[in-house]
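Structure record follows, encoded as structure tokens.
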Amino acid sequence: MQTLTRKQLIALLVLTLMWGINWPMMKLSLRELQPLHFRALTMSLGMLGLMLYFRTRGVRLMPQGWSEWRAILILALPNMLGWHGLSIYGLQQLSSGRAAILGFTMPVWTVLLGVLFYREQLSNRLIVAVVAVLAAIGLLLANELGNLAGRPVGILWMQGAAICWALGTIWTRRLPTTLPTEALIVWMMAFGALTMGLLAGMLEAPQRYDFSVPVWLSLIYGVLINYGAAQVLWFSLARALPPSTSAMSVMAIPLIGIMSATVIVGEWPHWQDFAAVGCVMLAIAAVLLPRRGG
């Protein structure tokens with residue numbers, strides 16, 4: 001099995017921290033920014049930064065022919081509008097750590113949808129993963145329903161987002177395109193930012209931009225780190241990342257989200273959050289970690 005260099009391992013650790021911390025940073029932004037305005041603003045600026053970066057790297061960015069444009073439009077629906085749109089509404093309703101836990105059920109949904117709709121093989125591992133995910137959802141749902149200030153609808157938003165991410169993953173694998181992956185991401189972000197900007201204009205009140213310093217910092221984080229540096233790091237690691245290492249990274253993100261939320265937005269997790277993140281980590285391990293001897 002291919003092993004990562006020390007430099008790659010450090011990059012993976014930094015990337016995992018970036019994505020984990022991003023959840024409470026987004027929650028901080030939502031204190032003064034409406035959800036769709038937030039997505040449109042950060043995604044559009046991040047897209048422009050990535051476009052400039054990939055341009056300097058010599059990546060072909062301009063789609064050629066209808067087939068490449070078609071791939072962009074089809075894949076942008078679940079990957080950008082579905083995942084980014086629904087998850088930001090879920091994050092608005094829930095604590096950031098709880099939203100991260102529910103969002104990262106997406107690898108399990110990917111495998112489950114593959115079995116249900118694409119005739120992929122059902123395994124004992126998937127059954128374990130589904131039971132673990134249902135246990136996590138049940139724990140968090142019971143806590144939200146039992147809390148006078150609870151918002152169980154946020155769980156539905158996050159599970160819808162996770163299912164969209166799973167569909168996007170499956171469609172990306174099954175829809176061949178000659179467009180470089182970097183260009184595909186940039187144009188999907190452009191489509192997502194434009195669409196969410198139009199929806200923000202129709203569905204949300206006019207946005208004020210006299211933000212506090214912490215919110216400005218969270219927006220800068222969203223543009224430069226989440227949609228910028230993290231994407232570049234991911235592209236540099238994606239082809240070299242062994243499945244087991246990828247699984248460990250994904251499992252760590254919700255836990256980092258929970259712990260960093262205490263410092264960034266003052267959210268204190270309940271025992272249900274730690275139990276749920278344990279269930280989700282078990283589920284991710286079941287579907288992503290390679291079998292021994294294989």
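Our numbering is plain: 1 for the first residue shown, then up by one each step along the chain.
Note that Cβ sites are derived from N, Cα and C of the backbone, with glycine treated the same way.
The helix, strand and coil residue counts that DSSP assigns across the domain 'EamA' (9-141) are 110 helix, 0 strand, 23 coil. Marked as domain 'EamA' by TrEMBL: 9-141 (among others).
Helix, strand and coil content of the domain 'EamA' (154-288), in residues and according to DSSP, is 110 helix, 0 strand, 25 coil. If you look up TrEMBL, you'll see 154-288 (among others) marked as domain 'EamA'.
Look at TrEMBL and you will find 36-54 (among others) tagged as transmembrane segment.
For the transmembrane segment (66-86), same-chain residues at least 6 beyond its ends with a Cβ under 8 Å from one of its own Cβ atoms are 36, 39, 43, 157-158, 160-165, 167-168, 171-172, 175, 177-179, 184, 187-189, 191-192, 195-196. What TrEMBL lists as transmembrane segment is 66-86 (among others).
Feature annotation from TrEMBL assigns transmembrane segment to 98-118 (among others). Within its own chain, the transmembrane segment (98-118) is flanked in space by residues 20, 23, 27, 87, 90-91, 126, 129-130, 132-133, 136-137, 140, 154-155, 158-159, 161-163, 165-167, 169-170, 174, 250-251, 253-254, 257-258, 273, 276-277, 280, 283-284, 286-288, which lie at least six positions past its ends and keep a Cβ under 8 Å from the stretch.
What TrEMBL lists as transmembrane segment is 125-142 (among others).
Summarising the annotation, TrEMBL assigns transmembrane segment to 154-172 (among others).
Sequence annotations record features per position, and here TrEMBL assigns transmembrane segment to 184-203 (among others). Sequence-distant contacts of the transmembrane segment (184-203), counting only residues of its own chain at least 6 positions beyond either end whose CB sits under 8 Å from a CB of the stretch, comprise 34, 36-37, 39-40, 43-44, 46-47, 50-51, 54, 61, 63, 71-73, 75-76, 79-81, 84-85, 177, 227, 231.
Per TrEMBL, transmembrane segment is recorded for 215-235 (among others).
Per TrEMBL, the feature transmembrane segment maps to 247-265 (among others).
For 271-289 (among others), the entry in TrEMBL reads transmembrane segment.
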Let me check one thing: do the transmembrane segment (271-289) and the transmembrane segment (125-142) come into contact, meaning three or more Cβ pairs under 8 Å with sequence separation of at least 6? yes
Taking residues 6+ outside the transmembrane segment (125-142), which of them lie with a CB under 8 Å of any CB in it? 98, 101-102, 105, 108, 111-112, 115, 152, 155, 159, 272-273, 275-277, 279-280, 282-284, 286-287
Compute the average pLDDT of the predicted model within the domain 'EamA' (154-288). 91
